[in-house]
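Worksheet: the structure to be examined is printed underneath.
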Amino acid sequence: MPASSICFSLPHLPNTEQYDPQRRSRALASPSSEKPWLQTHTVKMPTAPWMQGPLLLHPEDVLTFSKDRKTKIKRHHFRVDRSLTDKVRGGRSRVAMRNIVRSITKLRTLAPLDVDGDDEGSDEVIEFSIPLEEEIVDANGSVRKRKVPWGNVVEKVVYPREKKERVVTTAKKILPKDVLRRLQEEAGKIDKWVKAKKAGLTDDVVDEIRRIWKKRELVKVKFRLPLSANMVRAREIVELKTGGLVVWSKRDTLVVYRGSNYQLPPKPFLNSDVTLSVHSSGIPEDKVCIPANSDEFNATCFQRCTEAKQTLFDYLGSESIPRMESAGETLYEKETNRLLDGLGPRFIDWWWKKPLPIDADLLPEVVPDFKTPFRCCPPRIRPTLSNDELAYLRKIARPLPTHFALGKNRKLHGLAAAILKLWEKCPIAKIAVKLGLPNTSNERMSYELKRLTGGVLILRNKFFIILYRGKDFLPNGVASSIFEREIKLQDQQLQEEVARFKALELYNLLDDSVSMTTSNIGTLSEFEDIERQYAAPEDDSCEDKIKIKAEIAKLEKELQEQERKLFILNVKIERSEKELGKLNSLWRLSDLAEDQEILTDEERQKFRKIGLKMDEFLLLGRRGVYDGTIASMHQHWKHRELVKVITMQNAFLQVSYTAKQLEIESGGILVAVRQLRKGHVIILYRGKNYRRPLKLLPDNLLTKREALKKSIEVQRRGSLRFFVRQRRQAIWILKQKLRELRDKAKILDHSHEFNSDES
């Protein structure tokens, strides 16, 4: 409410005291303060924009238009636990109750009651107990018990999270603190680094590190995935391959120190178990070639490296190696190493945690006399896997360690032999695909391994290949015993057949007059007769005929599938045409005006130039011409004589039809149709006698929603027709191939009949 209305209504207030008009002047003229509106006995009121100073009123003269709210009377119910929960954070929650119980139970231990102290006259000991139930009296006077909030509190046992022990690096063990501090300060200033890509610390990266070590003592190495996700393993690989010490690390970067008296060592055999066995084949850690600051250590460095190299080359010639178990190995690593021992050398560049898998690239490429193992499924057991069994095998394969690391597509005889040996202990073989190697295909790898081992492929992606040994897998000893048993059974059948023929001959010699007919049911001769009668003869023509029949059956099945897809497409086209017919029935073209204005050539040329130079245009989208398009044209003609319409249609016939439709529906005059770099432009003149229609949206055209629906149906029909054309072409090609194969099969039949007649 304005301030003036407040002032005029003040004499009519039902107050006992009369309004004092000089109170405001006394407040304004008060010399006690420079800012009288800050005094406590007056109230500053809002003023109108034209008032110069503030409006100060006595608190009794201020009108309050807000309604008095009835304050609710709070009813305080007496609670038993009020003294416990009023000042506790969380109130009556379960956590607060647990804290209360814990604090009260510790009262006696923290502040025990001093009975023999100051209060010597009182011999009573106060026993403090927490009530677990409270009594409530109903309106009827009946008493019932109710549990208090802390009655169901159960103390939970929380085990603290074990902190991961910080790994003490080799540099901290060997180098003095002042030297290590100096190296770390210099490492933070290095701005150039060596890139270790997906393949890890390859021989080229190691050579680059040693080349830089000739100039300076520190080299920065930057890793990429997957090795950057496990920098502890990256540090071990760098120290193992280069012989240096990692003195500084940050995120995916390591700085390697070469040593005080560095000499370029001979290039070792990398990427095999040769370097790994420095730690696992009996060589103590004090004999490993590690750079140090002492001159005595650097003097014997080359000799100890030579000893390690000789020991490792002896390992390559030996068939079995006694692996030395380190003290820090977990039970998981010990069991995995025991499983993988004897299968081949380990993969040092493994980017995940230990244990290290077998390097499949170092296994023999060709194994002489290697054959796919003999398989035999137990009776009444399906050899194939069901969906539930496949899901279960994938589930149990997830936590298994990686057994092999593979980086090549062909010549996998050694890996297949190692997998067969592993399957005798573990039913699943897990193979990791090496990253960063060119020309590797996990599809080709899995096909080759499945062909060599005969296993079941349960998972294949760009990271892993998992093979299951199958239900019909037989270990080497079991397969050999079954094979021997089959040979013995065949020999026994032959002996029984020979004995039967001898008995028949002897019986015929004794009594030639009686002709006895014997049955060969269940004998070996019956099996041979059936095989001779129904088995296909082993010749090249028969094999070609079988292949042709298989190809014909395959093509017929594919032809049937293509015809089924063609039928579905035709049904969809009929449905789309039916929908388009409904939409086309909703609009009609207007009649052409009889007395249409005529433009001269000069006027048409002038309008064409003006229209092409216009910046304002109307864009015609996928909906085409609908009622909103005509309304937009009339909005353009409201301010100018010409309208410039741009359409993205490519065919000139479509553009001409659109221009003619715009001319008829809008009542304007078509000036020109020109082609642009993208699309076409249509220029329309409104005419000299143009009158703006009362209704901008015509009734004979489609609405915006219906036009969009029509555009989608037209696009759908065009796509379906394209796919129908493809299916028909594929069906024609399949019929041609079938005709050729059937002619070839007839020729083979005639040749086979001719050969049988000659024989």
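All positions are counted from 1 along the displayed chain.
Note: Cβ is positioned from N, Cα and C throughout, glycine not excepted.
Annotated features, as they stand in TrEMBL:
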REGION    14-37  region 'Disordered'
DOMAIN    173-269  domain 'CRM'
DOMAIN    383-480  domain 'CRM'
COILED    545-579  coiled coil
DOMAIN    597-697  domain 'CRM'
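According to DSSP, the secondary structure content of the domain 'CRM' (383-480) in residues is 39 helix, 19 strand, 40 coil. If you take every residue in the domain 'CRM' (597-697) and average the pLDDT, you get 91. Secondary structure counts, DSSP: the domain 'CRM' (597-697) has 39 helix, 22 strand, 40 coil.
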